[in-house]
Amino acid sequence: MGSKSPDGHRQGPNAESPSSSVAATTNPPKPAAASGLVQGMLDGDDEDEDGDDDGDNQRIGADLKSGVLPNNDGKKRKRKSNKKKKKKTSKGQQTTPPRVSLPSIFHDQRYPEGEIVEYAARNDNLQRTTAEELRHQAAIHNMDDEFLTDYRQAAEVHRQVRQYVQSIAKPGILMSELAEEIETGVRALTGHQGIETGDALKAGLAFPTGLCLNNVAAHWTPNPGAKEVILKHDDVLKIDFGVHVNGRIVDSAFTVASNPVYDNLLTAVKAATNTGLKEAGIDARIDHISGEIQEVMESYEVEINGKAIPVKALRSLTGHNILRYKIHGEKQVPFVKSKTTQRMEEGDVFAIETFGSTGKGYTRDEVGVYGYGLNEHASTAGLHHASAKSLLKTIRENFGTLVFSRRYLEHMGVKNYHLGMRSLISNDIVECYAPLVDVPGSYVAQFEHTVLLRPNCKEIISRGDDY
């Protein structure tokens, strides 16, 4: 989930680019549902033996009626049934679409590791201030076995869900259906449906599912009651969703495009993200990482309609560190060379992501709502509406500081929340997030992974065979 950079982001009517809206298609045909696991069938065979005389024939006839047949040695054996038997699904097997909770598959809670990368030699004698030293010690203390188990479980949920999603994210599918598949899969695999009070805080979705088309760079999700949006052949779709287990958030994103004309755009962004992951590490300077990302990203160009267009790194979004139950920490990793003295530190968790665009390389707020986030330290003194107080209680008990969407509220059965939400927003208790767009006609791609900076290695926890 992309984080806004302090500079370069353009808001409101004075933005450099004209207003645009997310393209929508109404009443499209629904795609066929994905098939489940194929069940094998075992067929039985019948074997009959005849005797030499009438007595034997009569005996065999009686045996046939009783369901017993003789062997060659004269001993009787039971006749095989013609009934077809279903092959049982073995334990530890996932379904298609994925709906079996991971604790039911990984009984010992030994989830797959991410990609383990050893650190290059570094200077362990670097001096840090006392405050930094205390922060390091706290972070390392928290990076225990439970921490790794939670993170690896969340990462495996992400891998299994996105593997299925990649198979159905084809032209003709509705964005609402794609979001439903992602969210249903995450809830099923974590084993937490998020309906009972507090259940969504134990494990589940870490923020609203992002499904951003073309010039929409980030923060767009289908909302209940809105016009349906259908994926088309010439679309560039960014799929960004997060999974958490006990507040340990895995944030990972990828881009799909059916038209091969955009292959170079996707290649550029994937290469830039992998460069950021390669350079990330303990004591790594963030300005150096940003410069390396930009150099790789902007070495590519895309040919569209016979015109070569350079790929530009977005200047208004950044990667970010992740805290427990908070998708955005205080550190940012821009995609362009920047002046900062910040370094990555031991115990940090980072979402290393990059966005590349064929447009201007800047984003602005678009009309619409992506999601909501609680300002945990905001005063509630001016809150008078009963509906707002009730909604605030629901938000605190079920989402805390996790970002959520209208769809998540309605999944819990919350109704008539619009007036209360407006009151919470006007009192600065809840922040509203809008879609972020580049200029109309441009195309933006995104790739993202979560990396843990462990004491002796970095673990790209969300890495899979796909990206």
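Each residue, glycine too, has its Cβ placed from N, Cα and C.
Positions annotated as substrate binding site by Swiss-Prot: H219, H328. Residues within less than 8 Å, Cβ to Cβ, of H219 (substrate binding site) and separated from it by at least 6 positions along the same chain comprise M1, G2, G210, C212, Y370, G371, Y433, A434, P435, L436.
In the three-state DSSP scheme, D251 (divalent metal cation 1 binding site) falls into the strand class. What Swiss-Prot lists as divalent metal cation 1 binding site is D240, D251, E448, and the listing cites sequence analysis.
Residues or ranges marked as divalent metal cation 2 binding site by Swiss-Prot: D251, H320, E353, E448. Neighbour density for E353 (divalent metal cation 2 binding site): within 10 A of its CB lie 29 other CB atoms from the protein chains shown. DSSP gives E353 (divalent metal cation 2 binding site) a strand state.
Feature annotation from Swiss-Prot assigns compositional bias 'Basic and acidic residues' to 1-10.
The compositional bias 'Acidic residues' feature in Swiss-Prot is assigned to 43-55.
According to Swiss-Prot, the compositional bias 'Basic residues' annotation covers 75-90.
Annotation comment: Swiss-Prot describes 1-105 as region 'Disordered'.
Highlighted in sequence order, M1, G2, S3, D240, S252, A253, G319, I322, F350, A351, I352, H449, T450 have their Cβ within 8 Å of the centre of the Cβ atoms of D251, H320, E353, E448, the residues recorded for divalent metal cation 2, and are not part of that set. Between the CA atoms of H320 (divalent metal cation 2 binding site) and H328 (substrate binding site) there is a gap of 6 Å. Residues D240, D251, E448 make up the record's divalent metal cation 1 site, and a Cβ search at 8 Å around their centroid adds M1, G2, G210, F241, G242, S252, A253, A351, E353, Q446, H449, T450 from the same chain. Ranking the binding-site residues D240, D251, E353, E448 by Cα distance from H328 (substrate binding site) puts D251 first. With all protein chains in the displayed structure included, the most crowded Cβ environment within 10 Å among the binding-site residues D240, D251, E448 is that of D251. The distance from the Cα of D240 (divalent metal cation 1 binding site) to the Cα of E353 (divalent metal cation 2 binding site) comes to 11 Å.
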